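Listed in Swiss-Prot:
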- K144: active site, N6-AMP-lysine intermediate (ACT_SITE)
- D59, S60, E61, Y62, D63, S108, L109, E142, R165, E202, K318, K342: NAD(+) binding site (BINDING)
- C434, C437, C452, C458: Zn(2+) binding site (BINDING)
- 645-731: domain 'BRCT' (DOMAIN)
Amino acid sequence: MNADIDLFSYLNPEKQDLSALAPKDLSREQAVIELERLAKLISHYDHLYHDKDNPAVPDSEYDALVLRNRRIEQFFPDLIRPDSPSKKVGSRPNSRLPKIAHRAAMLSLDNGFLDQDVEDFLGRVRRFFNLKENQAVICTVEPKIDGLSCSLRYEKGILTQAVTRGDGVIGEDVTPNVRVIDDIPKTLKGDNWPEIIEIRGEVYMAKSDFAALNARQTEENKKLFANPRNAAAGSLRQLDPNITARRSLRFLAHGWGEATSLPADTQYGMMKVIESYGLSVSNLLARADDIGQMLDFYQKIEAERADLDFDIDGVVYKLDQLDWQQRFGFSARAPRFALAHKFPAEKAQTTLLDIEIQVGRTGVLTPVAKLEPVTVGGVVVSSATLHNSDEIERLGVRPGDRVLVQRAGDVIPQIVENLTPDVDRPIWRFPHRCPVCDSVARREEGEVAWRCTGGLICPAQRVERLCHFVSRTAFEIEGLGKSHIESFFADKLIETPADIFRLFQKRQLLIEREGWGELSVDNLISAIDKRRKVPFDRFLFALGIRHVGAVTARDLAKSYQTWDNFKAAIDEAAHLRTILQPSSEESEEKYQKRVDKELISFFHIPNMGGKIIRSLLDFFAETHNSDVVSDLLQEVQIEPLYFELASSPLSGKIIVFTGSLQKITRDEAKRQAENLGAKVASSVSKKTNLVVAGEAAGSKLSKAKELDISIIDEDRWHRIVENDGQDSIKI
């Protein structure tokens, strides 16, 4: 059973919410139901933790469940179950797999679901490299195996470390477990391997091995695994390598990370080299030089999917030439030179029980379909996204309808069809008032979302902002989950982010709360204290500013490096916006475009447009927000974010490219400059530090000479790039 399952609905079909009742207030019948729920829920969490090393809840929440079970048993000793958690020997250990930072980011892949997505991918390649329509674009094609991504580090041919993908930046150290996987060599074959190479691929479990494992689980009266992927993930992340060794895991290589050298100049060639080292590579790996061959491969693999002895969820295309890969580069989350062409999602029929409205941290009202539980692609689904009011109207769904549910991309459940549109039922109306604070909900022009206008008077928004603040990609405070924040907020223990860091002052009050004790409270306070120092990008993301996601926050942190620099820029931009007054002949739209253009030029951060900048300035212009941030800064210390590129002499410098570049495109040159920490401007000004002049450079070159700005040609620029920004030129 999946961690996302609504276990309460299964164990308590009448949906009596007994969790809020104190043990002494339960009737005998209620105690029976509650003890069954707790026994199965705790067993479920034990399974995720011990068998999969994948804890679904913080320690404090787990401890609260165990304590509640024990207290109910004290009031009803004759109802103690044979499978009671109180009968289990030992307690939940605190150990965790060590965390390791990837030396080269372990990124995801961009997904495509339609043939058109593949055409668009090839179109982007052709435009970037100025290729003709009929010019071949050679790609490798291979099945996308559904396993757990892992990076194997070999130094002088010897396996020294194995790390899971994690969040792409930091993964889990699973070296002891990987050493017991039979088809992962401890020493590479041959002698032509690089001094250091990280070989990346998927740890997986074959379908036949999965069936055998579940057969053993049945014989031993143990819980069955839901699917091979979950079994592989749990087996690899065991704390005891002996358990991993019994699980018949396999490894299939599909790429590499850090490498001191590459013995081939194509993706296909590199995979054959990796295969010669003794690692498994897909025997279906092939090359294709046009979209017809790529789609033929996709259709062939999809047709054979059921007969393969391992799960796959699509096909991966990669540019074959490694120099093309390097030039095409990476986005913040994925390589641009690759595309995962996913198979159609699996579908199932069920009944729509209700439509609930959730209020997000920015006030967006999101409809969520509550479903009669149904298995889709090996996972039990009881909720699905309905996106927005337009989607509900398009589908015409109402509570009681039979609907078709799919896991889009095999991940997010969504309703794709109403199977009973002609049945006479009342139309479901989207609410125009917030279901939490009753404020008016409005839909802004050009947007599909309805938003609560209550702002920070809306408890739901305040709670969601606090949840966002402590989330994994923000402050990442372990043990402070949504249920705790909701409870603490309701009792006015926390109302702002700074209050979280003052919870130690309320230690005794916390200890006296039901489900808490000295150990749980002290663990929480310790976890909070560990986050009093936070990287600049995480701090900025944690503020929950609309349109400022993790990538934008990181771009801002990379550009300004310190909070003081950033805040000074915000203040200066706010002043600039104030003095940019509209002219009498200027429409509101033209005025806004002019302001946006000035502000975009002022910040000069790639991919940061007027919408993001306006949101930033509006946030800090709000007195309440500034007060919340100032209060928070009394409790935490923001660590400057100095990227590895910050050591480049070009870091923070403003560069202008002019004229026609012969060896690379303008976009490539811009990306090279940004990778060295520089900013690229479109016009020459006193702030410009360097001008790179190609052939037929015109007025920009003349202006650079007038302002006595350093000027170099394209060849000199390439030498600078090759030397990571090092050059004798005065900038």
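Heads up, the Cβ atoms here are built off N, Cα and C, so glycines get one too.
Locations of recorded Swiss-Prot features on the structure.
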| residue | record | DSSP class |
| --- | --- | --- |
| L109 | NAD(+) binding site | coil |
| K144 | active site, N6-AMP-lysine intermediate | strand |
| R165 | NAD(+) binding site | coil |
| K318 | NAD(+) binding site | strand |
| C434 | Zn(2+) binding site | coil |
| C452 | Zn(2+) binding site | strand |
| C458 | Zn(2+) binding site | coil |
Any further residue of that chain within 8 Å (Cβ to the Cβ centroid of C434, C437, C452, C458) of the recorded Zn(2+) site: V359, G363, P435, V436, D438, S439, A441, T453, G454, I457, P459, A460, Q461
Spatially closest candidate among K144, C434, C437, the listed recorded positions, to K318 (NAD(+) binding site) (Cα to Cα): K144
Residues satisfying Cβ distance under 8 Å from C452 (Zn(2+) binding site), sequence separation of at least 6: V359, G363, L365, C434, V436, C437, S439, A441, C458, A460, Q461
Integer Cα-Cα distance in angstrom, R165 (NAD(+) binding site) to K144 (active site, N6-AMP-lysine intermediate): 16
Reported mean pLDDT - the domain 'BRCT' (645-731): 80
Among L109, C434, C437, which are binding-site residues, the residue with the most C-beta atoms within 10 angstroms of its C-beta: C434
Cα distance (Å, whole number) from the residue listed as 'active site, N6-AMP-lysine intermediate' to L109 (NAD(+) binding site): 10
Other CB atoms within 10 A, centred on C458 (Zn(2+) binding site): 21
